[in-house]
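Presented below is the structure to which this report refers.
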Amino acid sequence: MKLHRLSPLLLLGASLAASAHVGADGGGHHGFLAGFSHPFFGLDHLAAMLAVGVWSALAVRRIWVAPLAFALTLLAGALLAQAGLTFPAVEPMIAASLLVVGLLLALRAQLSAAAAAALVAVFALFHGAAHGNELTGAPALAGMVLGTALLHGAGLLLGRWLHNRHVLLARAVGLVVAGFGLFTGALLVAG
């Protein structure tokens, strides 16, 4: 495929990766609905939340542990960012989370519940910092956690559906998520 045909797709991918960060201009987003919708509108966050759920359903014995750890650590990261803690390399860590979780999903890598929880918690801290810099107030944070939990739940349901039925499709989804992580990381390096 020629580069000029790929250009619109590359621009779309770049804009979707940044669309969750609508508060980058310093404006905070208040209210439950703003927080609830926030994880749905950034493709990087959406892909990570769904991938954690799918991977947990396919490869982690206690499927709820990693999504719960992600949601709680996401909230902790948001609160720490709002308290003034500066996180280094937030966007590169979000890209890394997509790469790692995508590869875990593609490989159906089985980890203990504790290892899975610890791994996703590291990445969730950075996702939370990104959200915490944009959302303000308890209602917005509550909405963010609920939106995240729903995305994890959708991922768990999708993972259960894929389990033993569509192994290749599950692996392909993981590779797409990992590829998106590489793409997002490349944009950060180039930009």
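Using N, Cα and C of the backbone, Cβ positions are placed for all residues, glycine too.
What TrEMBL annotates here:
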- 1-20: signal peptide (SIGNAL)
- 40-58: transmembrane segment (TRANSMEM)
- 65-87: transmembrane segment (TRANSMEM)
- 93-126: transmembrane segment (TRANSMEM)
- 138-162: transmembrane segment (TRANSMEM)
- 168-190: transmembrane segment (TRANSMEM)
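The highest tally of CB pairs under 8 A with the transmembrane segment (40-58), across 65-87, 93-126, 138-162, is held by 138-162.
Residues 44-45, 47-48, 51-52, 54-56, 58-62, 65-74, 76-77, 80, 87, 167, 170-182, 184-185, 188 of the same chain, all 6+ positions outside the transmembrane segment (93-126), place their C-beta atoms under 8 angstroms from a C-beta of that stretch. Taking Cβ pairs closer than 8 Å, the transmembrane segment (138-162) reaches residues 29-40, 46, 49-58, 63-64, 67, 70-71, 74-75, 78-79, 131-132, 169-170, 173 in its own chain, all 6 or more past its ends.
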